[in-house]
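Okay, so here's the structure we're looking at.
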Amino acid sequence: MERYGKPELRATTVLGVIRNGKAALGSDGQMTLGNTVIKHSTRKIRRLRQAQIVTGFAGATADAVTLLDRFEEKLQTYGGLLERAAVELARDWRTDKYLRRLEAMLAVVSPEKALIISGTGDVIEPEDGIVAIGSGSMFALAAARSLMKHTDLNAADIVRESLLIAADICIYTNDHIVLEEV
């Protein structure tokens with residue numbers, strides 16, 4: 001696919017899971033430009049707020065880093081209230097002339113909450129505590145839901161196994177997994 005006459009940069013599958021008071025968020029490491037893999041070990045997740053929140057991104061890297069910085073500012077402004085910071089970021093993202101052009105999505109987990117924040121102004125808190133974004137997200141989400149339902153694996157193991165399953169299916173996802181747990 002092309003965007004603005006240039007090959008589209010595709011990257012990533014990010015998956016977060018909350019289970020038994022623990023949260024884990026992981027991503028693969030593949031970055032693809034058009035139909036070419038250009039990097040195998042891209043880091044797409046980051047810890048925030050004294051390491052109690054983990055965020056991941058899918059989409060344009062520079063845009064995502066800008067949004068992560070803004071999200072961290074919102075967390076500081078609102079005293080670490082995750083939902084409030086997410087809603088305020090989504091509102092700014094949708095209404096600000098500069099921010100609205102940014103093309104990325106964020107997945108955010110803490111031991112209590114899992115959220116997806118999009119540029120359309122959506123802040124989504126899935127009922128099952130599983131968040132997934134990126135090109136292989138639906139494969140990883142399906143695997144995580146199945147593992148949650150049929151195993152006693154912890155959050156980190158569910159994320160790892162689900163991303164490996166997605167990597168077997170999605171051509172834009174690889175098995176170089178980066179994982180953080182809180």
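The backbone N, Cα and C atoms fix where each Cβ goes, and this holds for glycine too.
Sequence-distant contacts of Thr12 (active site), defined as residues of its own chain at least six apart whose C-beta falls under 8 angstroms from its C-beta, comprise Ser27, Asp28, Gln30, Met31, Thr42, Lys44, Phe57, Ala58, Ile133, Gly134, Ser135, Gly136, Tyr172, Thr173. Sequence annotations record features per position, and here Swiss-Prot assigns active site to Thr12.
Mapped onto three states, the DSSP output places Ala167 (Na(+) binding site) in helix. Its Cβ taken as reference, Ala167 (Na(+) binding site) is surrounded by 22 other Cβ atoms within 10 Å in the chains shown. Per Swiss-Prot, Na(+) binding site is recorded for Ala167, Cys170, Thr173.
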Legend entry - Remaining residues near the recorded Na(+) site, that is with C-beta within 8 Å of the centroid of the site residues Ala167, Cys170, Thr173: Thr13, Asp28, Gln30, Ser135, Gly136, Phe139, Ala140, Leu163, Ala166, Asp168, Ile169, Ile171, Tyr172, Asn174, Asp175
